[in-house]
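Record features (TrEMBL):
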TRANSMEM  24-42  transmembrane segment
TRANSMEM  62-84  transmembrane segment
TRANSMEM  90-108  transmembrane segment
TRANSMEM  162-180  transmembrane segment
TRANSMEM  200-220  transmembrane segment
TRANSMEM  232-251  transmembrane segment
Amino acid sequence: LQKGSSLVAPVHVVSEESADKTNLGFIHAFVAAISVIIVSELGDKTFFIAAIMAMRYNRLTVLAGAMLALGLMTCLSVLFGYATTVIPRVYTYYVSTALFAIFGIRMLREGLKMSPDEGQEELEEVQAEIKKKDEELQRTKLLNGPGDVESGPGTTIPQKKWLHFISPIFVQAFTLTFLAEWGDRSQLTTIVLAAREDPYGVAVGGTVGHCLCTGLAVIGGRMIAQKISVRTVTIIGGIVFLAFAFSALFISPDSGF
């Protein structure tokens, strides 16, 4: 009986330990992802796209289009990062740590060289890009206008229903955000995080981080876009990235998940 009980107890302990380890891995990945996304996205091009479009069009439509693009990009980035887990974890862990250190040093250098009103140039660039898209949209409407009138009342109702769900503004917000995010620092850091942390935690944390930044941009609009100090956010971001790199000195590659 004693032998049997001694065999059962360790199995129970191991299962509890593995469950705790998994939970800690998810929480650590979630916190890492949300903090990295916030410092990467505040004052970024995708932030300005959402802020400016929300001032001109329906906020919910802009938010839905931008969030779909960012959610899709986050999931793709996590998949890319998770695909690297076929490589032994010890290698991906230290490679990702080196990348975090490089990102951190670059962000600190960029932040220290920036002028206090650095974000205005990017804000003007995004405004010009959206204005160009608006002109293209107006030209398309003018070209398609007569055809819609000639088509008669029979096709008007289905067309309106279709546009209600997927409007040109929704498509514009989705396209601009997706293209701006592709190859961006936040995409690269999501890939790096997914290679070393719990992928589910990274996916959820990254999506929540994007929701917070994009929601802030949509609600605050131009006021936040003009008052935000891109220089300060960049310097803080550099410190956060270096902190993650520095933590590798105290956390073993096998810990986390």
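Yeah, the Cβs are placed from backbone N, Cα and C, and that goes for glycine too.
Within its own chain, the transmembrane segment (200-220) has Cβ neighbours under 8 Å at 25-38, 41-42, 46-48, 50-51, 54, 59, 62-63, 66-67, 70-71, 74-75, 77-78, 81, 190, 193-194, 257, counting only residues six or more beyond its boundaries.
Of the Cβ pairs linking the transmembrane segment (232-251) with the transmembrane segment (24-42) and spaced 6 or more residues apart, 3 or more are under 8 Å, so the two regions touch. Counting residues 6+ beyond its ends, the transmembrane segment (90-108) has Cβ neighbours under 8 Å at 84, 185, 188-189, 192-193, 195-196, 234-235, 237-245, 248, 253 in the same chain.
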